[in-house]
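Annotation source TrEMBL lists domain 'G-protein coupled receptors family 1 profile' at 46-294. Annotation comment: TrEMBL describes 30-53, 65-83, 103-124, 144-168, 207-227, 239-257, 277-296 as transmembrane segment.
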Amino acid sequence: NYTEKVGRSNCTTVTTFVLLGLFRCTELQILFFFMFLLIYTTTIIGNSLIIIVTVHPSFYTPMYFFLRVLSFMDICTSSVVVPKMLVNFLSQDKSISYLGCAAQLYLLIFLAAAECYLLVAMAYDRYVAICNPLRYTIMMNRRVCFSLVLLSFLTGTVVSVVQTAWVFTLPFCGPNKIDYFFCDISPLIMLLCTETSLYEIQAMTTTVLVIFTPFSVILLSYIFIIFRILTMPSAKGRYKTFCTCSSHLLVVMLYYGSGSLIYLRPKFSYPQGARKVLALVYTTMTPMLNPIIYSLRNTDVKRILRTMMKKVRERQ
């Protein structure tokens, strides 16, 4: 039973949720299983390679330190969502416990909010490197880098605790079916049996603080970076400098773009299928694409990867 009676009334409280999943087409569940298994495997391997490669002594710089943290967070984000989705593709029982759903929501909000602010730290690193190159080693020393990462984690913790506690202290009286492939805020508040307008205001405020404020800071930093690039006398120098920023800028557009469309209004009106596609972008596609984007646009990463592959072939 997914619900139980409460007191003497006819009201019921939800003890277990049912995830209806990404697709309703039961005939293609096996195909979807192998497709997302491939995506998940690529995500784990790609981000693990980024972490392993950037441990090389030639990558002891703030940019690669932030990239290692980003890759680790992408592995965690994908691991929170995809394994449960893979199990549901093959199982008739698509349930998730109340505590399991709360834990999944907490981890996703924590990782999403932390990554938003980590991308700000990466933008600040590029700003200092390009606009203040002579002071770069002072302004971006190891203590500053660790402090920025810690600040992003603390922000994620605060946001996730507030959001998760707010949702799960409100009553769920049934139904318990979530038309989604993971426990997220927007489908959960549609199951609440109470007025949610106050929560929607709170969610909007959180969206501004977690998405629009960091994105505005990143946008401002890139305005200064672009002005600095345009003043460079060498066309080759301008191109090389822009290439160091293009990967980060592309990741920012993918991540903030999909996130803002989902969380701008928790109960907005466009089709649920579109919501699921947008959720796929930041939970599965972006974590998979990040190592590809950064490695393809970075000659140092490609060089070390070629060296590693050469050593592997020689051992064989």
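For all residues, glycine too, the Cβ spot is worked out from N, Cα and C.
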Message: For the transmembrane segment (30-53), give me same-chain residues lying six or more residues beyond its boundaries with a C-beta closer than 8 angstroms to one of its C-beta atoms, as numbers and ranges.
response: 22-23, 59, 67-68, 71-72, 74-75, 78-79, 82-83, 85-86, 89-90, 284-285, 287-288, 290-292, 294-295, 301, 304-305, 308
Query: For the transmembrane segment (207-227), which recorded stretch in the set 65-83, 239-257, 277-296 gives the largest number of Cβ pairs separated by under 8 Å?
result: 239-257
Message: Let me spell it out: take the transmembrane segment (65-83), skip the flanking residues so only those 6+ beyond its ends count, and list any with a Cβ under 8 Å from a Cβ in it.
response: 36, 39-40, 43-44, 47-48, 50-51, 54-55, 104, 107-108, 111-112, 114-115, 118-119, 121-122, 125, 145, 148-149, 181-182, 282-284, 286-288, 290-291, 294
- line: Same-chain residues at least 6 beyond the ends of the transmembrane segment (239-257) with a Cβ under 8 Å from one of its Cβ atoms are 63, 115-116, 119, 122-123, 126, 129-130, 211, 214-215, 218, 222, 225, 229, 232, 281-282, 285-286, 289-290, 293-294, 297-298
Statement: Given the transmembrane segment (277-296), its same-chain partners at Cβ distance under 8 Å and 6+ residues beyond its ends are 22, 36, 39-40, 42-43, 46-47, 49-50, 67, 70-71, 74-75, 77-78, 80-82, 108, 112, 180-182, 184, 247, 250-251, 254-255, 257-259, 261-262, 302, 305
